[in-house]
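I have placed the structure first, in the form of structure tokens, so that the comments after it can refer back to it.
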Amino acid sequence: LLQHHGGAQVDIYEKLPVPFGLVRFGVAPDHPEVKNVTNTFTQTARSERCAYYGNVTVGRDLTVAELQQAYHAVVLSYGAEGSRVLGIPGEQLSGVHSARAFVGWYNGLPENQQLKPDLSCETALILGHGNVALDIARILLSPVQLLRKTDITAGSLAALACSKVKRVWLVGRRGPLQVAFTIKELREMINLPGTRPVLSPADFTGLENAVKDAPRPRKRLTELMIKTALEKPGEKSGEMQAAAPREWGLKFQRSPQEVLPSADGTRVRGVRMALTRLEGSGDSARAIPTGDVEELECGLVLSSIGYRSLPLDPAVPFDAQRGVIPNSSGRVEGVPGLYCSGWVKRGPTGVIITTMNDSFDTAQSVLEDLQVGTLDVSTPREGFGAVESILHSRGVRPVSFSDWEKIDAAEVARGRAAGKPREKIVDPQEMLQLIGH
């Protein structure tokens, strides 16, 4: 918007004092290169036509209607704050967590700092075959000295240093041809020091033929799984791997039916799975229960079956079934001047580049509406001027981008002292004290 419209003034509202959302709280700590996108964000935020207002929760501190009165256009891009639930008995037992909460815990998301996952068991079970599932497996099994050099939080690093987890199973309802993770993440997992992959050759029988005509990424991914499954100990660094103290594996065609409680009924002791068969092929294959079941013992269950957007404000249309704001090219249906972008626009899939392209698409819609006059800018709107008094009357003090830069400098300084890129501050109150709020 700033690039293509010389007169545009863009204000960004964020619930937390700190910016960057999923880049800060979703990207794995051992993937620092992925976080470089914050440099582009920072450049944008420093433009004199852009302002950042952190520590403001839209839907609580401020309604969408109030924003619409203050601005010509309002874009909602608040992502997916919830998790899809399994909807099975025992899901509420101690030791069962959503992937979102677990990732938030080790990445310093304030709302997840009280999680205290029990890492005293030997076997953890992750439900899901996506990149987030692999991220979690990697963090659970990584040698602590590797994590020490990352921006993982001090609290989770301490917990992982005492962890007894040495075996992680990643379980999916469908087969090897339907996994959603990418080859980069799989390769990292296969090469993780002190850890060996356990893939059953039987799961991959006949797949070489099945992927002959598959798109190249799917083909290469499947070939790497087959190669890993067939590699005998003693091959490659197999000697080392055979003696590896930790292991991980992929289990296919299993659908969770029930989380099984311990004898005293308080904690998880395992998961009962329905074995499935596949109907159809490729990405559209469906998992149908065969009637057979099996039980897997574990002391920790992490459900990585997808994120879910939540409604923000009663004034905004929301499709609860699909978990998105109904829209066409980012224009919210039936509400002129209201737009959406990102996961709340098209569902929780894709990586940073997908979401960037998606936001360019929404920005294009805003620019088109300006051009053809659908967005009426003939009467001036006050923007933050109008919002400031509302926030003040409600006792809300926004955090500016230069405030964030003070928090950032403090985190980097604390990190330097510990030999890390940064030590994240996990308590919003501490962030606000630091900037004198």
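Backbone N, Cα and C define each Cβ position, glycine as well.
Caution: TrEMBL annotation is automatic and unverified by curators.
Under the heading FAD binding site, TrEMBL lists E14, L22, V58, W343, G350, V351, I352. Among the features that TrEMBL reports, NADP(+) binding site is placed at H129, G130, N131, V132, R173, R174, E185, G350.
Annotated features taken from TrEMBL, shown on the structure.
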residue: L22; record: FAD binding site; Cβ neighbours (10 Å): 17
residue: V58; record: FAD binding site; Cβ neighbours (10 Å): 19
residue: H129; record: NADP(+) binding site; Cβ neighbours (10 Å): 23
residue: G130; record: NADP(+) binding site; Cβ neighbours (10 Å): 20
residue: V132; record: NADP(+) binding site; Cβ neighbours (10 Å): 23
residue: R173; record: NADP(+) binding site; Cβ neighbours (10 Å): 23
residue: R174; record: NADP(+) binding site; Cβ neighbours (10 Å): 19
residue: W343; record: FAD binding site; Cβ neighbours (10 Å): 24
residue: V351; record: FAD binding site; Cβ neighbours (10 Å): 11
residue: I352; record: FAD binding site; Cβ neighbours (10 Å): 15
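Among the residues E14, L22, V58, W343, G350, V351, I352 said to bind FAD, no two Cα atoms are farther apart than 25 Å. Between the binding-site residues E185, G350, the minimum number of other C-beta atoms within 10 Å of a residue's C-beta occurs at G350.
Taking CA atoms as the reference points, W343 (FAD binding site) and E185 (NADP(+) binding site) are 22 Å apart. Checking each of the binding-site residues H129, N131, R173 against I352 (FAD binding site) by C-alpha distance, the shortest gap belongs to N131. For the pair H129 (NADP(+) binding site) and G350 (FAD binding site), the Cα-Cα distance reads 14 Å.
With a cut-off of 8 Å between CB atoms and residues at least 6 apart in sequence, the same chain places A180, F181, T182, E185, V351 near N131 (NADP(+) binding site), listed in sequence order. Taking all protein chains in view, 20 other C-beta atoms sit within 10 angstroms of the C-beta of E14 (FAD binding site). Taking the Cα atom of each, R173 (NADP(+) binding site) and G350 (FAD binding site) are about 20 angstrom apart. The two recorded residues, R174 (NADP(+) binding site) and L22 (FAD binding site), show a Cα separation of 27 Å. Note on proximity: among E14, L22, V58, the binding-site residues of the record, the Cα nearest G130 (NADP(+) binding site) is that of L22.
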